[in-house]
Amino acid sequence: MQASISHTEVPWEMEITASCSPAMPPDFDTNMKFKFSILALLLEVIVIVLYGIFVEYDKNFSAMELYPHFQDVHVMIFVGFGFLMTFLKKYGFSSVGFNMLIAAFGLQWGILMQGFWHMKEGKIPINIKSMINADFSTATALISFGALLGKTSPIQMLILTLLEITIFACNEHLVTEVFKATDVGASMTIHAFGAYFGLAAAFVLYRPGLTNKHENDESTYHSDLFAMIGTLFLWLFWPSFNSAIAEGQGAQPRAIINTYYSLAACTIVTFALSSLVDKRGKFSMVLIQNATLAGGVAVGTCADLAIHPFSAMFIGVIAGIVSVLGFQFLTPVMASKLKIQDTCGVHNLHGLPGILGGVAGIIVTAIKRETREGHLLTPSIQTAALGSTLAIAMVGGALTGAILKLPFLGQVSDQNCFDDSAYWEVPEEETVPEIHSSHRDEHSRFEAAM
Amino acid sequence: MQASISHTEVPWEMEITASCSPAMPPDFDTNMKFKFSILALLLEVIVIVLYGIFVEYDKNFSAMELYPHFQDVHVMIFVGFGFLMTFLKKYGFSSVGFNMLIAAFGLQWGILMQGFWHMKEGKIPINIKSMINADFSTATALISFGALLGKTSPIQMLILTLLEITIFACNEHLVTEVFKATDVGASMTIHAFGAYFGLAAAFVLYRPGLTNKHENDESTYHSDLFAMIGTLFLWLFWPSFNSAIAEGQGAQPRAIINTYYSLAACTIVTFALSSLVDKRGKFSMVLIQNATLAGGVAVGTCADLAIHPFSAMFIGVIAGIVSVLGFQFLTPVMASKLKIQDTCGVHNLHGLPGILGGVAGIIVTAIKRETREGHLLTPSIQTAALGSTLAIAMVGGALTGAILKLPFLGQVSDQNCFDDSAYWEVPEEETVPEIHSSHRDEHSRFEAAM
Amino acid sequence: MQASISHTEVPWEMEITASCSPAMPPDFDTNMKFKFSILALLLEVIVIVLYGIFVEYDKNFSAMELYPHFQDVHVMIFVGFGFLMTFLKKYGFSSVGFNMLIAAFGLQWGILMQGFWHMKEGKIPINIKSMINADFSTATALISFGALLGKTSPIQMLILTLLEITIFACNEHLVTEVFKATDVGASMTIHAFGAYFGLAAAFVLYRPGLTNKHENDESTYHSDLFAMIGTLFLWLFWPSFNSAIAEGQGAQPRAIINTYYSLAACTIVTFALSSLVDKRGKFSMVLIQNATLAGGVAVGTCADLAIHPFSAMFIGVIAGIVSVLGFQFLTPVMASKLKIQDTCGVHNLHGLPGILGGVAGIIVTAIKRETREGHLLTPSIQTAALGSTLAIAMVGGALTGAILKLPFLGQVSDQNCFDDSAYWEVPEEETVPEIHSSHRDEHSRFEAAM
């Protein structure tokens, strides 16, 4: 009786621990039983209908030689991105599971959105190359997911994927077909785009309640090892990512070689700086997991150009420096001053290195005369590509974030952020001490009451 | 003294906790020191002798272009199947270890069993394609292992592998050479066959003592993450599995495309239904780990036919529905009413989707005129292939189960099911609380006494 | 006051637990803040300058067909070797992290060291094949790392990598160009070389304080599962390793087939003997993780020769026997009598099977007339190759070990061996009981004081 009276007066954080909390504000109703299912099934039905109308097998099978590249990229999308985000101690199911959900929907949606710009006789032909491009489009949503990790529902992520891939396909068309800029490894159109889209959405979805470090926003020993599975498969197959759609004499081997050496140089620099910025000279797992990959992002735009391996290594070195300094000094400031909460630090892995890649493209086209399919690549074209990408990403991300603020999308409360049990049946751990178990029980009871 | 008197009177479950249990019934002697070693070495010697007599390098090296496909399938067999089964909290060593044992023996045995049907001048030529087929044959034993997981000894599994691959090769010959049916991705000959073979064996090996949920028959947070490694590598490389032996103009890219979209659609539906069937709308790891793969199974039979991507997606949708409903409603009924204990739920991942694949093949050949190497594919041929596969699998599995019931094959007691420590040296965990440690000690003492 | 007096008298092990230990002997100063960073950055600058002067893209792009092989080998180096060493309970970050550091530096350095022996017009051309060879060169340092695991600092490992790859490239030139011996899968030049180099260094770096089993020198349940990720990717892609640089009619498929069957046979034998040598007939994870791979090592030297699959299987059987017996009986003796502490047992996985591979090469060239690019392969040539490899590895390893004994290289004390927290920021574990936590706290305080 007394509990029911005090109900409206206690703050949210206390209410959650009350064993008899009778109702939840609708904004934080994480029960998705019908909402998620209906949305997902509806989207799948729409996709199948659109495939029935528009999609057909490509008659030209020459793209089959790209199949090993495709499989490498495919592993990056599902295993690489998925496990990279498992570093959080209680968010592994969501990281690898929602990553799979986003990617499985995104690769279907991407074919349509990219295909509508390149229809042949009213049809979208699919082959290995267009499947690689669809995997690429999915990467943008997964990068944005990294910024929002732990703070969004699967309903929100499906909507974000739908919108982001649609906007991505427009910007990609603008950059590659209208501007005819070069961006073979997609430093700009995927990495910078995905990062700034996600950061803009994170800005709109700012949670003041997470200003202080959330107790779940940290790793454990084994979650950090799981994340290294993601890091390594991304690192290893990045040369395939940057070279998959390279065309022309020697373009593919150059893209492979440049990416390989950029990553290697970036890795050495990341280890060096990780020790240097730590007060006791120790390595930080978050830097090794992420900043080692920045070299692959930054070399993307000019990966297939004959920039010479030592230039690629130089780009990797700069990327490593930028990424480590970003994680160490910029991310805390962005969270506290700019109200941008970037869970995985995608700004440092994809955002800044993506811009660096765009700038490298501007510099290379300024210094050397490079052509692509007969068109001269100029610094002004590359600058326009970078600028439009950043602008469209930020505006698109902010608008998407505003849509995701709509109530009834299954948002979690601040208290339940970074916790799988909001959306997953989580097994009881036998090695968990009493305090933790009781927390978990309370949690379950609380949600069962919803 | 008193303990020794009470020995014959206490039930088995209590006896195990008595610190001075003096003897074990021979049926549950898990000490394999000589039995397993002699069997394994004997089998290996037999295999080497048979290879010396029958096997030689194929002189035609054109199959080398299949090497990337082969490696993908190889990863599925060892990493995919192996880690998929690590979801049990105390059975990870056995899952990934016995999977490796079964596969390493199976791939040697499969070459012989499949090769005896296709000898050239008394010799079995091996090349990349026949190695892919040998990996395929291994998959049947691994699927059956999934049904029996946690309840059989490595001795039993070696015998099962020997028998199942032998019978599989006969049925495969019947389906593809005699009937000349189509089953490029082996929905029938591998998935349905392996599932119903294993389920029949499980029926014969029924353990009434496991009617109530065994305390070890559950996952932990990290064991579920390890299982996702298996899921993702299976998911990613399934297009290679279904297209590896596809032949003819456009068959391979079609098989890749159809499998890719069937899996993607199946995944969306699995997430949707996983939320829908849960009382609180939460996702279930067991469904995400398994039902997302059903689309790859079900599209197998007609993967290389020009069924159009949207049909492939439709097959994936049905597969997802069937698989989720099977896990949620059928598996409990099968265990309680039909006395079939299916540890991994292979009936829902391989059995039902395999039948669905066979039915899809019947429907497609009824609607469209399809030929294979000049032979017309007809619904009656496809029906015969499906029927013979199911019949041979069930009879073969039941007979094999009867053989595995022979005593002295290293069976575990019900109490020790789903526990690596029956067959493995397991490291002591420092984070294990007292109760658990003492259980483990007792366990070790108990086995040391055997 | 009293603590400060007793400081010089208490043994090291006690000192570490004293909360006010004022100073550390410089030999065990693991704070690498400037030392490591300066060394790593300096090496990277030197490498970039050398690449600027000497390295250029190869104009001949025919090596692109090796790209799938390259990626397989690449996965072995980073995921295979990296995760194989994560078996230690507190050394996962270092295993997979330092493995990445060593490999990222080694693949840059290897191109230069191998390239200097094959310059064309003063330039080192790089293509996929030379990148595979650079990955190979890295493997030697990673094998040696296995012997030294847990006992060396990243500074020491960078120096070892620099020296070992330099010496390796000389020996490789001697074996393949001067002697013109065959060693396609590098049983001798990589596996035996890396193992005996590392063992000689371990002999020089002998730590009497580790004579008794260190409390951290053991696995946990999940660390053993992580290690199986490494084992399986090594096992699966070993055929790519042994066939990557095979040339000539049928050489590549033969190398794939021989390696595949040698591994399969070795695996069966390893399981059989693992049970046989255990007093209770149980399998040992350390044997399954390691000895199953010995077949890949041992078949390396003659992998591409037409030795017949059954001979490959026979080599695999012998390799399995040698490796299991080595782990079981030789490693303990080597540690206690020969003062060689081999953390991962590389002697049993790479050393003995590598010699076995060399001996197999001698026997095969004695029995059959084999030629390579017009040169006759003779037993005397093969013997010279094996002998020179072992001699150069041991002398080189001993000299390198002497250099690594120099103070100020960030060595850990015996007490802190096999513990990530010496070099990494390690997350607090919430499931860790009190005793452990306090140990960790002490640890941190102790190091912060340095």
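First residue shown is number 1, and so on along the chain.
Keep in mind that glycine also has a Cβ here, set from the backbone N, Cα and C atoms.
Note that the structure is predicted; figures quoted are calculated from it, not measured.
Here TrEMBL flags A:34-54 (among others) as transmembrane segment.
The domain 'Ammonium transporter AmtB-like' feature in TrEMBL is assigned to A:50-408.
The transmembrane segment annotation in TrEMBL covers A:66-88 (among others). Sequence-distant contacts of the transmembrane segment (A:66-88), counting only residues of its own chain at least 6 positions beyond either end whose CB sits under 8 Å from a CB of the stretch, comprise 95-96, 99-100, 103, 107, 128-129, 131-132, 135-136, 138-139, 142-143, 145-146, 149-150, 216-219, 223-224, 226-227, 229-231, 233-234, 237-238, 240-241, 243-244, 285-286, 289-290, 343-344, 418.
The transmembrane segment annotation in TrEMBL covers A:100-119 (among others).
Summarising the annotation, TrEMBL assigns transmembrane segment to A:186-206 (among others).
Away from its own ends, the transmembrane segment (A:226-245) comes close to residues 66, 68-70, 72-73, 75-76, 79-87, 92, 129, 132-133, 184-185, 219, 251-253, 255-260, 263, 267, 285, 288-290, 292-293, 296, 299-300, 303-304 of its chain (Cβ-Cβ under 8 Å, at least six residues beyond either end). Residues or ranges marked as transmembrane segment by TrEMBL: A:226-245 (among others).
Within the chain, the transmembrane segment (A:257-277) has long-range Cβ neighbours (under 8 A, six or more residues past its boundaries) at 185, 235, 238-239, 241-243, 283-284, 287-288, 291-296, 298-300, 302-304, 307, 309, 312-317, 319-321, 323-325, 328. Positions annotated as transmembrane segment by TrEMBL: A:257-277 (among others).
Taken from TrEMBL, the feature transmembrane segment applies to A:310-330 (among others).
Annotated transmembrane segment per TrEMBL: A:350-367 (among others), in sequence order. Distant neighbours of the transmembrane segment (A:350-367): 143, 146, 181-183, 185, 187-188, 190-196, 199, 294-295, 297-302, 305, 307, 315, 318-319, 322-323, 326, 330, 377-379, 381-383, 385-386, 389-390; these residues of the same chain sit at least 6 beyond its ends, with a Cβ under 8 Å from one of its Cβ atoms.
Residues 144, 152, 156, 159-160, 163-164, 167, 170-171, 174-175, 179-183, 188-189, 192-205, 301, 355, 358-359, 361-363, 365-366 of the same chain sit 6 or more residues outside the transmembrane segment (A:379-404) yet have a Cβ under 8 Å from a Cβ within it. What TrEMBL records for A:379-404 (among others) is transmembrane segment.
Listed by sequence, the residues of this chain that lie at least six past the ends of the transmembrane segment (A:186-206) yet keep a Cβ under 8 A from its Cβ atoms are 136, 139-148, 151-152, 160, 164, 167-168, 171-172, 175-176, 297-301, 338-342, 346-347, 349-351, 353-358, 360-361, 385-386, 389-390, 392-398, 400-402, 404-405.
Looking at the domain 'Ammonium transporter AmtB-like' (A:50-408) alone, the prediction's average pLDDT is 96.
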